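In what follows, a single structure is set out as structure tokens and then discussed.
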Amino acid sequence: MSTDCAGNSTCPVNSTEEDPPVGMEGHANLKLLFTVLSAVMVGLVMFSFGCSVESQKLWLHLRRPWGIAVGLLSQFGLMPLTAYLLAIGFGLKPFQAIAVLMMGSCPGGTISNVLTFWVDGDMDLSISMTTCSTVAALGMMPLCLYIYTRSWTLTQNLVIPYQSIGITLVSLVVPVASGVYVNYRWPKQATVILKVGAILGGMLLLVVAVTGMVLAKGWNTDVTLLVISCIFPLVGHVTGFLLAFLTHQSWQRCRTISIETGAQNIQLCIAMLQLSFSAEYLVQLLNFALAYGLFQVLHGLLIVAAYQAYKRRQKSKCRRQHPDCPDVCYEKQPRETSAFLDKGDEAAVTLGPVQPEQHHRAAELTSHIPSCE
């Protein structure tokens, strides 16, 4: 794929065509094994996480989709804009810049659901966002690419992998719907399945990280793309959290939207790269996609570790304040809700204070209040 930037002031200053590095050989069997194994594990993980979803809560998110709307705005508003600014700021070559834009325009991936579970996020919102962003990608991916690539004259059309999007959507909806049904019919068994799914999710993260490092070994890596693949997910997490906070979402939803924003669907991006670029450019761009996937897993694990450390610190603080209270006396974390929801929506919803900043503070503190009198 070649790109003509002559006479275009918005194109990066060092946008010159040169041969990319060659050589991604000897990994065909490993990639096939990784594809099959990850597909099976993703299906099982999504089924188990579906066991944590209650149909009433899911319907509440769909009926009043404030959290979903904020998440989609982060996914298809902030991420493509961030990708464009990174491409311009680092002066990427045209084919590299377009690959970064492709990554920024992709919907959320399954990894986000695993990380959301480990940070006590809103699983109903997480699964709703992943599904809705995948559906929205049918129109938003070409729209975002059209808006941000207008400054370059492309001699080859970009191809949107609609078939891959459809397969992704089916692989999300079918296991999750099955899990929701199991949770409705057999709630006790669903709890056990959910615990198993959390373990499988951890194994999935480990497989992705190890495979990414193995596939990247020996590649002729572009340092600039590696730097972008490292900071891009972090920028997504931070901007997603800030947008959720500014729209008065609860802390639980802020964590969820932050994770969903930074964690992209790597498989979908790889499919789009393979359909849009010739082999001479594909090696370097696949390297970027795999590096992004590796870094988003590492960043996610750091976020989980930081949250769990904070959670243990709060629990120890409560133990010191209430030494006679046993460990099991902590109340189950209440369902945090958006400040936009009305009181009449559902009686079981935990309502926050009137002021938005108080809403955030109270929603977080109530998850650590012991139930002992």
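Positions of Cβ are set from backbone N, Cα and C atoms, glycine also.
Taken straight from Swiss-Prot:
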type	residues	note
COMPBIAS	1-15	compositional bias 'Polar residues'
CARBOHYD	N8	N-linked glycosylation site
CARBOHYD	N14	N-linked glycosylation site
REGION	1-21	region 'Disordered'
TOPO_DOM	1-32	topological domain 'Extracellular'
TOPO_DOM	54-67	topological domain 'Cytoplasmic'
TOPO_DOM	89-97	topological domain 'Extracellular'
TOPO_DOM	119-126	topological domain 'Cytoplasmic'
TOPO_DOM	148-157	topological domain 'Extracellular'
TOPO_DOM	179-195	topological domain 'Cytoplasmic'
TOPO_DOM	217-224	topological domain 'Extracellular'
TOPO_DOM	246-265	topological domain 'Cytoplasmic'
TOPO_DOM	306-373	topological domain 'Cytoplasmic'
TRANSMEM	33-53	transmembrane segment
TRANSMEM	68-88	transmembrane segment
TRANSMEM	98-118	transmembrane segment
TRANSMEM	127-147	transmembrane segment
TRANSMEM	158-178	transmembrane segment
TRANSMEM	196-216	transmembrane segment
TRANSMEM	225-245	transmembrane segment
TRANSMEM	266-283	transmembrane segment
TRANSMEM	285-305	transmembrane segment
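With a cut-off of 8 Å on Cβ pairs spaced 6 or more residues apart, the transmembrane segment (225-245) and the transmembrane segment (68-88) reach 3 or more such pairs and are scored as touching.
Per-class residue totals from DSSP over the topological domain 'Cytoplasmic' (179-195), listed helix then strand then coil: 16 helix, 0 strand, 1 coil. Scored by C-beta pairs under 8 angstroms, the transmembrane segment (158-178) has its highest count with 127-147, from the stretches 68-88, 127-147, 285-305. Long-range contacts of the topological domain 'Cytoplasmic' (119-126) within the same chain, counting only residues at least 6 positions beyond its ends with a Cβ under 8 Å from a Cβ of the stretch, are 49, 52-54, 57-58, 60-61, 67-68, 71, 112-113, 252-253, 255-257, 259-260, 303-304, 307, 311, 333, 336, 367. Within its own chain, the transmembrane segment (68-88) has Cβ neighbours under 8 Å at 10, 12, 61-62, 96-97, 100-101, 103-105, 107-108, 125, 128-129, 132-133, 136, 140, 144, 147-148, 228, 231-232, 235-236, 239-240, 243-244, 247, 249, 253, 256-257, 260-261, 264, counting only residues six or more beyond its boundaries. Mean model confidence for the topological domain 'Cytoplasmic' (54-67) is a pLDDT of 81.
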